[in-house]
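Below is one structure; the comments refer to it alone.
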Amino acid sequence: MSDQERGSENNNRSRSRSRSPVRRRMSDDHGYERDNHLSRRSGNYNGRRKFADTYRGSRDRGEYRGGRERSDYRERERFNNRDNPRSRDRYDDRRRGRDVTGRYGNRRDDYPRSFRSRHNTRDDSRRGGFGSSGARGDYGPLLARELDSTYEEKVNRNYSNSIFVGNLTYDSTPEDLTEFFSQIGKVVRADIITSRGHHRGMGTVEFTNSDDVDRAIRQYDGAFFMDRKIFVRQDNPPPSNNIKERKALDRGELRHNRKTHEVIVKNLPASVNWQALKDIFKECGNVAHADVELDGDGVSTGSGTVSFYDIKDLHRAIEKYNGYSIEGNVLDVKSKESVHNHSDGDDVDIPMDDSPVNEEARKFTENVVGGGERNRLIYCSNLPFSTAKSDLYDLFETIGKVNNAELRYDSKGAPTGIAVVEYDNVDDADVCIERLNNYNYGGCDLDISYAKRL
């Protein structure tokens, strides 16, 4: 057979192979140019190697002129399993070249080099809980845009009908909260609290009435939601971020003061917490605030306070509950006049130089700064000036048990936006920094770190 006839036969065989709907084996037709159907596939194409990957010798011996390091078997396996993500990951994408365009763009050039690693590492940030073991202040994962609401939408709700839910898993959604708390009553809306779009492990749920709020707190505070123990509290509006009010507070002027009337309740059963105390005295009128004093172990001391807006409600409470028996304990209810700056349902204690309570607060916050070593004490700055002590407990007890929390005031009694918080254990302090550092509270990004005394 002449060279011309042999060349014609080779061309016919090549055309026949390319037109055939059945893929031929690579081991067939020794001596001919390699079938490049793999390189022509979308996603596996590399123009710079299109013609360089031909055989120099026997196809069976796998002798390449293009210098490819993988066997024919692996090339065939990559082609046959091109739609299997696990199979794709077995092969190093770097061998495809920098001009390979994947499903979401160039896989090597779209991301900075610092994000690429020679070894795969597990991302624990989506697991919720304590988050990853990386640097402090790590956020949860980004919440899907369609699941997140704007800040204005989140704060524009009826706070008296809302609850605050803490210690959520990072994969929880507003729909999960709605489904879970619908067992209590009709849910108007549910939101996940975020910081710059990142899940912070906290949320809010709004009901149609305040009775559902009380039931939700009694039934689900300390319950398990998505395999995590959650905290459920009465939701409070963020402290006012009004500039005029801030300036008034800077000058020591207290505007819109609303006088409340307080009763002291003694000999309470240990089973009565602040929510139960509030429920009891709500029968006498509009309760502004209720609290039960706890000892160092978090156990009730049997003493509590209830504040009313109307003096008539106070007299009604004394008349009804003084000498009243609860679980065998006879209550002792007396009046104690107290003036509070009350804004939107939250008590703000007025600092007074001769107050022994504020003297203790000064001693607790005196010479305390941030940037300390790991310990139970937390230093928080950049708080809204209208933040109350009760706000501190509402915020920081979403993480764990708080032994003490105090606001710092300047020499004139004006707020400084600084607070010192002591947790019961150092693990809660760790989580507090991780979850609440840079958290937007009342329009202010909080700066939280371990505290130290000078």
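Heads up, the Cβ atoms here are built off N, Cα and C, so glycines get one too.
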- Message: By the record in Swiss-Prot, which of SER27, SER114, SER343, SER386 is the one labelled phosphoserine?
- Response: SER343
- Task: Based on what Swiss-Prot says, identify which of SER42, SER338, SER411 is the phosphoserine one.
- Result: SER338
- Item | Record-annotated omega-N-methylarginine (source Swiss-Prot) among candidates ARG118, ARG127, ARG255 | ARG127
- For the domain 'RRM 2' (261-338), what are the DSSP-based totals of helix, strand and coil residues? 22 helix, 34 strand, 22 coil
